Amino acid sequence: MPTDQEPTFTVKLLQLLLLSTYWGMQIWVTFISFVMDSHLNRHTYGFIQSRLVPFYLHLGSACAFVNLTIYAVYHPSDMLDDREAFQIFIFFVSVTVAAINAQWFGQMASEIMADMHLIEQACGLGQDIGLSSNREAYAKLCETDVKYRLLSSRLWLYRLLSSLCNICCIGCNFYSLCYMAENLTTL
């Protein structure tokens, strides 16, 4: 269904809204995570993250997919120049990485965090404010509870991978916004 026609105003607006919505969500969720980290207790922070992050990741994945689809429909492969081909590649990377993050890394991090909270609650932990407070108690729990130590290391890994995916998507969206700005005829 690719077309060589110029996209309508509605299509252009939809693509701009989706791209800017995804960009805004990325910046907001990243910013609010830092604020919540230092002002909420561990379990409240974890509960909010377990509800907010999957929604954010799936919505971002959908925005990236629709952006790729719109762009691909209006840029047939046989008519692409190098920059347009690279833009499609950027959209494809964003869709792929966002989907992997939504379906695997984010989901696993939420599940592991829930298991860790149960162990922490049984030990009377989790009500301290900020993730960096009372580190000694959590370190001791890691030393004494093998299951908690394993969960902690897995959570660290999945959070790292999820963060790298998020940074990759932020970079892709930044490039896409720059590409769009470069191709505007007027403000």
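Yeah, the Cβs are placed from backbone N, Cα and C, and that goes for glycine too.
According to TrEMBL, the features are:
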- 17-117: domain 'TMEM205-like' (DOMAIN)
- 13-35: transmembrane segment (TRANSMEM)
- 55-74: transmembrane segment (TRANSMEM)
- 86-106: transmembrane segment (TRANSMEM)
- 156-177: transmembrane segment (TRANSMEM)
Within-chain partners of the transmembrane segment (156-177) [C-beta distance under 8 Å, separation at least 6 from its ends]:
19-20, 22-23, 26-27, 30, 60, 64, 67, 87, 90-91, 93-94, 97-98, 100-101, 105-106, 108-109, 112
With DSSP as the reference, give the number of residues of the domain 'TMEM205-like' (17-117) in helix, strand and coil.
94 helix, 1 strand, 6 coil
